[in-house]
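Structure first, then comments.
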Amino acid sequence: MFGFIHESIRQLMIRTYGEAFWSKVLERAGFEAGKENIINHYYSDADTFSLVDAVSVILKVTREQVWEMYGCFLIQYTMETGWDDLIRSMSPNLKGFLDNLDSLHYFIDHVVYKANLRGPSFRCEDNPDGTITLHYYTGRPGLYPIVKGVLREAAKRVFKLDVSMTITGRTQRSVQMATGERIEEHVIFLVKTLNTDQSNEEALGTAVVQHSNNYKIRLTHMDFISTFPYHMVVDQDCKIVQVGRELYNHIPKDLLSVGTPLMRIFEVTRPQIPLDFDSICNFINAVFVLQVKTTPMEFQRNANKRAAQAIEASENLYEDNNGALALSQSQHLKLKGQMMLMSSGGHIMYLCSPYVTSIPELLQYGLRLTAMPIHDPTRDLILLNQQRLSDVEMNLQLEANNEQLENMAKDLEVEKGKTDALLREMLPPSVAQQLKQGLSVEAREYEEATVMFTDVPTFQQIVPLCTPKDIVHLLNELFTKFDRLIGIQKAYKVETVGDSYMSVGGIPDLVDDHCEVICHLALGMVMEARTVCDPITNTPLHIRAGIHSGPVVAGVVGAKMPRYCLFGDTVNTSSRMESHSPIGRIHCSENAKKCAESTGRFEFEPRGRVQIKGKGEMNTYFLLRSFKRSIWEIIDRRRDENCNSIDGYNELREGYVDDVLNKVTQKNSKTCSIS
């Protein structure tokens, strides 16, 4: 169905039950919010019924009740959206309004929205008791409650009438149409006016001119077929009696001879009825659209011309594919007009014009505007509709652009999220937020922070014996484990250079236990490193670490690829602690030891005075364990009770891991584990 139907259903539900209710309907119907009410989009009947069924289930009412409620609202919403004047000007009485329902529906579908939808058909009959019998035909069974709602609301709003509607008959049958077989539902309504103080006859008025047969029509046969170049007259057997002269330009002359059955030349596309005399009389108030069955004359003339040219050029006619292409693009002429029962009662005249609403359609039929009589409003309609089509095309383009912009905005948000995540990886969150806001980040001096460097002492021996891919895999596996620990311990990763990994505590967010955090991080890194295998010896990898506490200056360096860098003697001393550390040990300065013990409880082993390059002799220490947290708590992993010590610090002793690994069978894995 047309998107207007979905939008009007949405408006009804939101106005009556609120936005939250409509969200529930969309969720149950399986629609994405915003995709269910695109005005110029065609939705399948299944989509529309899924919305109505969802409303029915949530409200706990029948589908028929929902459709009838919608019918009442449809008139209100239609009149609100610019159709008020047209609906009120259709007829002075209810009977005339019902007679023109078919034409109104056709106009909205085919002219305004250019939708070519399978709309319903209506036929109206007066009854002697003043009631009206309304026949409703549709190819969509089950929608008849909409008619009840529409008619009652229209009678009330337009004619100030209260009407009752009773269903006196409802049948379904299979109808063979040109497009195939379909199920057609026929519902008969008895419409009765309740406030009888107003009559349908009141507004009919009286004739201004007296009927007279004293004068004969002063119009010859040739004048008539010239004035109405597309008309046809048929008898009770629906055989041709008379045709307009322009039809000969589109239909072979032998088919337009007197006595040719109308159904041999045309097929009826609207209303969906058999092409016989009685059916036409039943729908005499409807708009009739007939389509020529035969090959368009324009195509035949072009085909004959191409054949003659091919013969002259001694070409094989069957090798010319242009004919097939032209046939597929050719248009069978459609006629639209009114069927009129002539006074004799035995003939019907079809006053019509080519069903053309735009310049491109006019050209497809091989027509020009001069083919239309000057009095024919089709000329004005084509010109006006050409402008309307331009407006519709612009609206469609705007809708497409809006949808594209929405999708681009969503994609932009996704990419922005990725960029923000990457920026947060490169810079501290607080610093990254300042840069996003366009603020400059000034360098800052921190009175005390703790810096740690770690590296792989055997890295220089590993590199010559491995492929670059193996080296990258090794470092990626190792640093991924370190990054996880950084997140657990709430420290900050500054940078990695080769096999060196630099981290800091107390920067950029000030904390009192920055050295305690880094000490726990160091213990965890030594433990996690041993779960990575040396690709040469296939043994657990050993790292070393150096820690120092002191004043640090931190700031953002660079514009194109900004980096958060640390400067000062503390950074240099920390690097010296790492470079002078034995393999597998955590080497700390005296400042770091004192700072760690001020907030935490650790076991340190004095190393004595060590000659440090550029610093002279310094008192240094080895970090052995934390008394506040076990290794398993630090690395956030479960302990294997079968082979792991209670606190995990025994595993840090050099050689202990090798003893455990000898007892545990490992299957072709490049990752070592102590569990």
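Backbone N, Cα and C define each Cβ position, glycine as well.
Feature annotation from Swiss-Prot assigns heme binding site to H105; the stated evidence is similarity to another entry.
Long-range Cβ proximity for D499 (Mg(2+) binding site), meaning a same-chain Cβ under 8 A and a gap of 6 or more residues, is found for D455, V456, F459, L475. DSSP classifies D499 (Mg(2+) binding site) as coil under the three-state reduction. Taken from Swiss-Prot, the feature Mg(2+) binding site covers D455, D499.
Averaged over the coiled coil (384-427), the predicted model has a pLDDT of 82. According to Swiss-Prot, the coiled coil annotation covers 384-427.
The domain 'Guanylate cyclase' annotation in Swiss-Prot covers 450-578 and rests on sequence analysis. DSSP assignment over the domain 'Guanylate cyclase' (450-578) gives 55 helix, 40 strand, 34 coil.
Summarising the environment of D455 (Mg(2+) binding site), the number of other Cβ atoms within 10 Å of its Cβ, over all protein chains shown, is 21.
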